[in-house]
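Sequence annotations record features per position, and here TrEMBL assigns pyridoxal 5'-phosphate binding site to A:110, A:137, A:138, A:139, A:140, A:208, A:211, A:233, A:263. Annotation source TrEMBL lists N6-(pyridoxal phosphate)lysine at A:234.
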């Protein structure tokens, strides 16, 4: 074993034996058994697609064979289908610091962002600008363009850096949309402080929680956030492209108007009247009903989350990312060292990041790559151990030291990973 | 057994023995084995939620346990996930008379209708009216309201009857949206003839195929239809609230602009650039990615459909609905007798329709009820037999004759059925 590349942070494990001891004492360790981890691999891509919970296949099977196959239309009532966007929203709410009646599970992140951005612009008549950050995951920016294109004089303005925020918070800004954790660098923003600044300028705040929910405690209501959206398939482990969620602060619910006015957002969806009348509460942000087979994945995973203490998640997340960064401190780590500025992933810049990631995958260490030069490693405290973080860092160092990533077979670029 | 209530139509079976003979000679009969039919019931609600194909549970299981559980992010390429909206669209296309590159599987009917209606309005600048029919399934009308509310001077005009269509096709009408089969009465419209009339008035045509696709041959391209949407969970049997589909005529694909501009509609979704640039073809109508667990249901069911001759489906559908109507001709049947004017369901008006349907369900005949007074019975030629249609009609007559529906237990109204 090589010596550590740099002095470890205080409290960081100095050996693999230390990591084994930390795993033995880890209060979250029992949860690892809840996940069907891929065999013989260290999976550090849970920030892209979370792993399969052990209990999910059976609930999906029951949904398919019993609820659909035998129950058929009676399952709308008897299996509680009709309430799922609300009941699952209420189960998810504590993970993001929301009231149980402030969250709905439905649609995709992009569709939900479209709803809340349009609603936000309508709540600020006379203002026509949506402000975003150029480095946000692009679908948010594309959707902002799509929304502002529907408003006379509407425009999307992108900041090159958040340092510009105050200067760009002009009187035309209706709403600011930001990702709490940057999908590339792992930079964590101060949600409460930024929300307050945006509010002082008279604008509304929309947070994208895709890369933070399930990785750290979030306090939307305490921070006075107006709207939020997030996916369920990364840290929340609900399944590939599973239905997403949206948050609408209670104070906006009776007033906000979103344009995807489908029948499930109607005050009386089963009255079948020809004119739309929005439901009183957050229900007006429903459009149609999410696919039930996919909702089974959400149901199963949220059962696991009911047992989780997010303070423990955050503490372990910082320990895992800290350990990984300590062990690789000689590299160009772009994720901040300060705990309050990082999420649960570590990004390392390397000019040959693509083949290096492929060589790591061949060794069984699954990270991913984002052009032009970022290697990303996600740490998911429910199922990643300290020992895995240690071994993954060793693998990175060994791959770089050996030059094995220069092999021809690692140079081909795939479509998605 | 009671005598038939009225003389049968020419060729209609005159006895249950005739029905058994028809079943024995039915070219579609082997397909019945493809479906996990509910035990001891005659399911006449496939026009609301299609039954489970036998092959679906295994494909869902494989998607969950292998593609997600073991493959994880590699399944984007290795399991072909990334192409599914296109490949499934191409498999579905022949069922609606579309080219393989004119159909996408994604999102819900309501969301897809929002996309195509907005695109249609933009293709007719200067025109600001969406024309619909008051009796169309309400979500279409609500979405039309949502869309026109985003255009200065936009408005949704509802026809009380299609007899008004020509008179209301003024120069302000940008687009007409109609359901090919009425969800309550089962009335089938002449898609080609109406499309031509709408085009003569300079407007575009959007068809909702929810209640027709899979029940009869549809020729969208031959009729020059501009856009269409439809669900996959009724006659297509893809699972409760499974992802829906949209059709965009090739001639509009490079020009039409829809506002839900998510990253999967980008020309280069994996370039992660901050500015939106729509894909060249129908891909620009994608927003985000549909849930993979739900797509497994679409994959499985479309395998079955690849074996189906829609001319046989239509012939059997007309025979089943004809037989049912013949046997119940003394009742207030609102579905047209003329084959060219009916879809694949029979609607019967009865002032006590709700408890009558409940009493039928207790007898194992599953239809449904739509306020204020319609009993609906859907006939799905892939898995409904002639004998079942005969027995169901007998059950209706017996329940009505016996008055058993007057029992207190049938009076309570559920939320959905």
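Using the three backbone atoms N, Cα and C, a Cβ is placed for every residue, glycine included.
Annotated features taken from TrEMBL, shown on the structure.
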| residue | record | DSSP class |
| --- | --- | --- |
| A:110 | pyridoxal 5'-phosphate binding site | helix |
| A:138 | pyridoxal 5'-phosphate binding site | helix |
| A:211 | pyridoxal 5'-phosphate binding site | coil |
| A:234 | N6-(pyridoxal phosphate)lysine | coil |
| A:263 | pyridoxal 5'-phosphate binding site | helix |
Among the binding-site residues A:138, A:211, A:263, which sit with their Cβ under 8 Å from a Cβ of chain B? A:138, A:263
10 Å Cβ neighbour count around residue A:138 (pyridoxal 5'-phosphate binding site)? 21
CB neighbours of residue A:140 (pyridoxal 5'-phosphate binding site) within 10 A? 28
Return only the integer: C-alpha distance in Å from residue A:110 (pyridoxal 5'-phosphate binding site) to the residue listed as 'N6-(pyridoxal phosphate)lysine'. 15
Counting every protein chain present, what is the number of Cβ atoms, excluding its own, within 10 Å of the Cβ of residue A:211 (pyridoxal 5'-phosphate binding site)? 27
Among the binding-site residues A:138, A:140, A:211, A:263, which ones place their C-alpha within 10 angstroms of the C-alpha of the residue listed as 'N6-(pyridoxal phosphate)lysine'? A:211
Between the two most distant Cα atoms of the pyridoxal 5'-phosphate-binding residues A:110, A:137, A:138, A:139, A:140, A:208, A:211, A:233, A:263, the distance in Å is 31
Counting only residues 6+ away in sequence within the same chain, which have a CB under 8 Å from the CB of residue A:263 (pyridoxal 5'-phosphate binding site)? A:269, A:288
Using a 10 Å radius around its CB, how many other CB atoms surround residue A:110 (pyridoxal 5'-phosphate binding site)? 26
